[in-house]
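Asker: First the structure, which I've put down as structure tokens, then a few questions once you've had a look.
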Amino acid sequence: MKAEQTPLSWDTPGLLAGVDEAGRGPLMGPVVAAAVILDELNPIKGLADSKKLTPQRREALYDEIRAKALCCSIALATAEEIDRLNILQATMLAMRRAVESLRLKPNKVLVDGNRLPTLAIVSEAVIGGDAIVPAISAASILAKVYRDRWCAEFHLEYPQYGFASHKGYSTAEHLAALREHGACPQHRRSFAPVAEVLR
């Protein structure tokens, strides 16, 4: 039996929003959060944890989610906010912004992981939620695609770092570029590999 057909402890009447983030680990750029309220009468096939989908499939689902969801919202916390608050608090901030920007107010919010942002709505953390709750899967896809597009756009301004390919993660290519060129305005100064270059 598929997980979504099993009665779940978080089944609640009314609108349900799924929330997830992308970009906690990279050395640069914002952390992006998305909140999605799906339309049960307009289902989307193939929703899954964004990390398990090909980039092409994520792109296709991104457009389908934007077209079919009752409402969705994407928000971010900047690299500057990450450095000021720390990555966990900045992630919670981005998630709260995403939920508060929804056009419709959900009855309950399900958040991927084991931490919850401070919300004025009933909420629950669901470990592995991006694989078992369709609304969280949809949110993970929106956040991931939005951030990947952001990196591709920023790459045009700073092509020497290779952001379009590694998306800001701590790859050998990125670390070599960081050592050669120093940090750009979007690098997270509080992250160790960036801080080392700035010493």
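Glycine is no exception: its Cβ is also placed from the backbone N, Cα and C atoms.
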Asker: Going by the divalent metal cation site in Swiss-Prot, where Asp20, Glu21 are listed, which of the candidates Asp112, Asp148 is also part of it?
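Answerer: Of Asp112, Asp148, Asp112 joins Asp20, Glu21 in the divalent metal cation site that Swiss-Prot records.
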Asker: Minimum Cβ neighbour count within 10 Å among the binding-site residues Asp20, Glu21: which residue?
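Answerer: So among Asp20, Glu21, the binding-site residues given, the one with the fewest Cβ atoms within 10 Å is Glu21.
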Asker: Could you tally the C-beta atoms, other than its own, that fall within 10 angstroms of the C-beta of Asp112 (divalent metal cation binding site)?
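Answerer: So the Cβ neighbour count for Asp112 (divalent metal cation binding site) comes to 26.
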Asker: Should Asp20 (divalent metal cation binding site) be counted as helix, strand, or coil on the basis of DSSP?
Answerer: strand
Asker: Let me know the DSSP-derived helix, strand or coil state of Asp112 (divalent metal cation binding site), please.
Answerer: strand
Asker: In the predicted model, what is the mean pLDDT computed over the domain 'RNase H type-2' (14-199)?
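Answerer: Mean pLDDT for the domain 'RNase H type-2' (14-199): 96.
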